[in-house]
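**Student:** Residues or ranges marked as repeat 'PPR' by TrEMBL: 216-250, 317-351. According to TrEMBL, the feature domain 'DYW' maps to 532-624.
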Amino acid sequence: MAVPRPPPWAPPHELVSRHPALHHLLFCNSMPHFLQIHALSITSGSASDNLAAARILSFPALSPAGSLPYARRLFLTTHKADAFMANILLRAYASLPNTIPALSFFVESLESSRLHHPDATTLALALKASADAGYLSFGKMVHAMALKLAQASDVSVQNFLVRLYASFQLIKSAKLVFDGISNFNNASRNIMLGGYLNCGLLDDARQVFDDMPVKGVISWSVMINGLVQNNRFKEALELFNMMLMEKMEPNESIYVNVFSICAHLGAVEQGRWVENYLLKKDFTITVRIGTAMIDMYLKCGCVENAFNVFNLMQEKNSMTWSAMITGLAINGRGEDSLKLFSLMELSGISPNEVTFIGVLNACSHSKLVDEGVKYFKSMVKVYNIQPDVHHYCCLVDLYGRAGMLAKAEEVIKNMPMEPNSAVWGSLLNACRIHGNACLGEKVGKKLLELEPENSGRYVLLSNIYAGRGMWEKVTELRRIMKERKVEKTPGSSFIDIKGEVHEFIAGDGSHPRKRKVYAKLEEMSSALKLAGYKPRIKQVLIDMDEEEKESSLYHHSEKLALAFGLIGCETGTTLRIMKNLRVCEDCHLVMKMISKIYGREIVLRDRCRFHHFRDGVCSCKDYW
């Protein structure tokens, strides 16, 4: 077991032998105790020794029980303050969430001549603070100072210069500094790796990663996180599996990312395997990991697994409760979601803004209008949480889904902030659900002004027109899309079969088992017709004959994934399909009927929520 490092204020033995008063710093755990030690060091003369004074300064500056304002006063009243002492205070300021005070202290120390000779550590800390504060010009000034003081070749200064320029996406400047580093270390490569990933230059990042002679856990963590941030989930999962093959133990951040990957891909089998791996390794299930695990299971439609993790967690924070409350809501368990919210209140953990998004969604998806309005009002009255645009969006959705379109419009008119596209989108979706073409057209045009490049807005408005047989309007929208070079996002669906994730695109003919998939589709089609299935051809947004419309519906991505699942999974296995777009009425009907015909439970996650199909019934009660 590694020996814990002593805190920065712990004096070495030789210093204690010269200044016995410093021995008390080893046991100091509060400012009142420190003030006694400080007084003793003054009366004993220890404070006049700069090495001793630096240790004394370290406690109020760096200890969680310290006081940064006191440390600052102490530094300013020290007659022979040097760069080492200034660095202690600068390090403390640079570690704060807001690093602007670090920059102020740096300038003040230079101007007051208390910092005569900034060293490489001083400049590196100033560069870190500049990047974190978002002050590029200040960072460039420090760069110039480093050149003037002949410190620009120090590796710590170079590392933070790379970080500074990369954080502003000045990748050429970052690469120029990086190429000038003569004494590379893993920190240098990790910073450049993070810089490329921050700029979305994944191929360059992968080159840096692959060229590393030794990859530490931080390198793996940065690369996996970067791929996740750039929506390269499959590649990130492959990298995680490669990491395990190389006998490298993941850290907390990697596990959190892997559960996020599994959630996005619907790779529940891989997620279960990772959970078992964690337990086998006796890895501590932290609040972050437990919350990520809950989120993964809920986003894969595995509600009971999520409950198991939730109930076994020793410690939970507001994000843990919020993940569970929100997840239950999107899985059609609105009443359970609200019960859990009541338990959260009883547990003494205060709900936050995210919690109320989950609560309002639970009410919206369960038609609990009065309850939703009550919870919305309680945000300010009971919890002193000011609703933001996301909460107003939920309120519009609540009224809209219930058919109270006038109320939804009234909410938008009275919002204390400008309604964004998500708010208008909720109202447009409500117009689609309830067939209000007149209001839908008005809202749709507003959305096309706000988001002229969002293909989903055109499709939703087209759905409203097509549902009313207004084909001229549909054609006009298609013409506008063509003029604006807006391409419809292709529907894609994922299905996890025995731990392997398969992707299908609408009309896909590229899968290696496509013949069996299409043969299964034919079999499904025959069984559906015998059961009385009638295609919902109004979902097809092109004015063509009925036979062509049926054929078009036949090749939606979720139907292809469903057919493949029926081929690849044993009888009785739950089929879990994840789709990138909202499920259409025809596919929803097919899923219901197939669940009864084949005796399968089917879990479908679309862009909005989960649909649990069992015995011909959907958990959403056809309300989505």
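Even glycines carry a Cβ here, placed using N, Cα and C.
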**Student:** Using DSSP, how many residues of the domain 'DYW' (532-624) fall into helix, strand and coil, respectively?
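**Tutor:** Reading the DSSP string over the domain 'DYW' (532-624) gives 37 helix, 16 strand, 40 coil.
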**Student:** Pop the mean pLDDT for the domain 'DYW' (532-624) in here, whole number is fine.
**Tutor:** 83
**Student:** How many helix, strand and coil residues does the repeat 'PPR' (317-351) contain under DSSP?
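**Tutor:** So the repeat 'PPR' (317-351) is made up of 27 helix, 0 strand, 8 coil.
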**Student:** Counting only residues 6+ away from its ends, which parts of the chain sit with a Cβ under 8 Å from the repeat 'PPR' (216-250)?
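**Tutor:** Apart from its flanks, the repeat 'PPR' (216-250) reaches 186, 189-190, 193-194, 196-198, 200, 202, 205-206, 209, 257-258, 260-262, 264-265, 267, 270, 277, 281, 501.
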**Student:** For a three-state summary based on DSSP, what are the helix, strand and coil counts in the repeat 'PPR' (216-250)?
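**Tutor:** Summed by class, the stretch gives 26 helix, 0 strand, 9 coil.
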